[in-house]
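Structure first, commentary second.
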Amino acid sequence: MNIILLGPPGAGKGTQAKKIAMRYGIPHISTGDMLREAVAAGTELGKKVKEIIEKGLLVPDDLMVAIVEDRLKKPDSAKGFILDGFPRTVQQAESLSGILGNLGKELDAVILIDAPEEVVVERISSRRVCPSCGKVYNLLTIKPKNDMLCDDCNIGLIQREDDKPATVRERYRVYMEKTAPVINYYSEHGSLITIDGSLDIEAVTEEIFKNLENL
């Protein structure tokens with residue numbers, strides 16, 4: 001099954017992608033994770049990505065398309081995939097269509113997990129990360145056992161620059177400006193499924209599986 005997950009940052013795409021991946025035995029391909037790995041590696045590409053992310057801007061289309069194309073060519077994507085965080089522009093959506101055509105694949109579903117700005121800001125600004133092992137916590141839902149310390153490393157947790165409220169609001173603004181047209185693009189192609197992302201995690205999962213089983 002070939003699936004795209006759309007929605008604003010903080011809507012819960014990553015959480016739901018992992019559940020779908022486990023159920024259908026397909027890889028969860030998160031462009032966000034791939035970009036953060038580049039930043040952590042400290043390469044020239046990573047430095048460029050870091051600067052873009054910290055400003056709350058979108059990574060250029062040509063860079064994202066190249067990253068995704070390479071990933072979809074890997075053997076574990078042969079039976080399907082879940083794309084989380086891509087496409088974010090209509091140009092990326094059109095490029096993806098070309099990539100899939102070349103690989104002999106078609107999209108089965110485009111799932112939009114929608115959530116309002118205030119929900120997004122509250123969720124993301126509550127995230128904390130261990131600078132050593134990279135484990136992610138949330139002060140609302142996945143709290144550390146000891147106040148502001150990693151359960152595994154006992155090191156003080158930090159707030160990533162792109163998780164701070166001002167940056168989150170800018171990311172949401174950019175999302176609405178750039179990604180909303182992608183929703184219209186897939187809506188016109190008849191493959192869009194909209195889910196209320198302000199619901200709790202279990203309710204969102206139930207709605208997603210209900211829709212996928214009816215395809």
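Every residue, even glycine, has its Cβ placed from backbone N, Cα and C.
Features reported for this protein in Swiss-Prot:
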type    : residues                                                                             : note
BINDING : GLY10, ALA11, GLY12, LYS13, GLY14, THR15, ARG127, VAL136, TYR137, LEU199             : ATP binding site
BINDING : THR31, ARG36, LEU57, LEU58, VAL59, GLY85, PHE86, PRO87, ARG88, GLN92, ARG160, ARG171 : AMP binding site
BINDING : CYS130, CYS133, CYS150, CYS153                                                       : Zn(2+) binding site
REGION  : 30-59                                                                                : region 'NMP'
REGION  : 126-163                                                                              : region 'LID'
Any idea what the Cα distance is from ARG127 (ATP binding site) over to ARG160 (AMP binding site), rounded to a whole Å?
8
For the recorded Zn(2+) site formed by CYS130, CYS133, CYS150, CYS153, name the remaining residues of the chain with Cβ within 8 Å of the site's Cβ center, in chain order.
PRO131, SER132, GLY134, LYS135, ASP151, ASP152, ASN154, ILE155, LEU157
How big is the Cα-to-Cα gap, in Å, between CYS130 (Zn(2+) binding site) and TYR137 (ATP binding site)?
8
Measuring Cα to Cα, tell me the gap between VAL59 (AMP binding site) and TYR137 (ATP binding site) in whole angstrom.
25
Once near-sequence residues are set aside, which residues in the chain of GLY14 (ATP binding site), 6 or more away, have Cβ atoms under 8 Å from its Cβ?
HIS28, SER30, GLY32, ASP84
Is ARG88 (AMP binding site) helix, strand or coil when read with DSSP?
coil
Which one is closest to CYS133 (Zn(2+) binding site) in space, judged by CA to CA distance, out of the binding-site residues GLY10, GLY12, PHE86, ARG160?
ARG160
Cβ distance under 8 Å to PHE86 (AMP binding site), same chain, sequence separation 6 or more: which residues?
ILE4, ILE29, THR31, MET64, VAL68, GLN92, LEU96
Quick one: which of these binding-site residues, LEU57, ARG88, CYS150, CYS153, ARG160, have their CA within 10 A of TYR137 (ATP binding site)?
CYS150
